[in-house]
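Everything on this sheet refers to the single structure shown next.
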Amino acid sequence: MKKSRILGAGHYVPERVVTNEELSRMMNTTDEWIVERTGIHERRWFTAGVDTVTNMSAKASQMAMKRAGVEPQDIEFIVFATITSDYFLPGNGVLLQRELGLTSVGALEVKNACSGFVYALSVADQFIKSGMYKKILVVGAEIQSSALDKSDEGRSSAVIFADGAGAVVLGAVELDQPGILSTHLHADGSHAEELYCIAPSSSGKVRISQEMVDRGDFFLKMNGNAVFKHAIVRFMEVIKEALDHNGVTKDEIDLLVPHQANLRISQYIQQKMGLPDERVFNNIMYLGNTTAGTIPIALSQAWEQGRLKEGDLVCLAAFGSGFAWASALLRW
Ligand code: UT7
């Protein structure tokens, strides 16, 4: 039997920087409010006609493969986490497969929003442990800015969400090597409408109608307060679950990589766990919340910054729409 290990991580974010000051010209908000409530100073938004979920994820994947020392033809499967695929159908996995020239390898879409990447990693981990595949591309990528209501009504979400892509190459290694120790997945669909997007919808007469457009059904809708309250509880629970499962303590964590939902959420967890700054990775200050993209982008940047060393104990944790939440504990 084998275990799985992250062999390399990569990322790509659009060139366009959107500052809080620019947002304050679109809606009734201020730099002061955004920084105080979210920790975000700026984020990246895509440029129509230039950036797509497919081409951003391809750039992230190419970086991940290069760092892993893996050729595209070595990849046997793709697990793609996104809620903002370029088409309503087919999913982005096949579009990435085509873009990378990976003829006929399977591609699976994971639509679990903010916890999507950890879910995707867990799925890929099972394929490797079962012996079915030896090298899998696991991707998290989003273009959220086109789903945001940039009027005063949508301001609480519009200041948070952003665009970007991250990817890792997951490979099969011997059991005594560093790698993924465990993953933990949870959901509670009774809160589905606290963070959701109605359209395009298959439960109406047509998937999108003028009425739906007029109502703004294609915008992301979030009850920020409810999400925040559940997030801080579930993050703590699922991190503890990962630590307990592996018989390690929080003091052994070398790097906690929380989903970048809101800096206040990361800081709450950090403070509750008593972790020093150097053992928690945050980049939301300048990249915003890229939903399924946050964790693989963070892993790629943390590695670039020398904050991930061979054998380090790393904890990934995420919470979001669904509600769905998840964690992974691994040795880098
Ligand atoms: O990614 C995974 C899932 N998402 C999350 O985890 C997000 C979790 N939630 C949050 O991050 C926060 O709830 C928000 C950042 C979305 C909102 O922050 P908050 O501290 O919970 O603010 P609030 O919704 O309680 O609103 C406080 C006030 C309200 O005004 P009144 O009613 O007190 O007069 C809002 O209308 O702030 C107002 N407000 C704003 N003001 C300026 C809401 N958004 C803005 C804004 N600029 N952008």
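These residue numbers are counts, starting from 1, taken along the chain as shown.
Any Cβ shown, glycine's included, is placed from N, Cα and C.
In the three-state DSSP scheme, CYS114 (active site) falls into the helix class. CYS114 (active site) has a Cβ environment of 32 other Cβ atoms inside 10 Å. TrEMBL lists CYS114 (among others) with the feature active site.
Mapped onto three states, the DSSP output places HIS259 (active site) in coil. Look at TrEMBL and you will find HIS259 (among others) tagged as active site.
Reduced to three states, the DSSP call for ASN289 (active site) is strand. According to TrEMBL, the feature active site maps to ASN289 (among others).
Under the heading domain 'Beta-ketoacyl-[acyl-carrier-protein] synthase III N-terminal', TrEMBL lists 109-189.
The domain 'Beta-ketoacyl-[acyl-carrier-protein] synthase III C-terminal' annotation in TrEMBL covers 243-332.
Long-range Cβ contacts of the region 'ACP-binding' (260-264) within its own chain (Cβ-Cβ under 8 Å, at least 6 residues beyond either end) map to 37-40, 114, 160, 227-228, 231, 282-285, 287-290, 294, 298, 319-320. The region 'ACP-binding' annotation in TrEMBL covers 260-264.
A simple way to gauge crowding: the CB of HIS259 (active site) has 32 other CB atoms within 10 angstroms, across all the protein chains here. Sequence-distant neighbours of ASN289 (active site): residues of the same chain at least 6 apart with a C-beta under 8 Å from its C-beta are ILE40, ARG43, CYS114, GLN144, ILE160, PHE161, ALA162, GLN260, ALA261, ASN262. Over the region 'ACP-binding' (260-264) the predicted model carries a mean pLDDT of 98.
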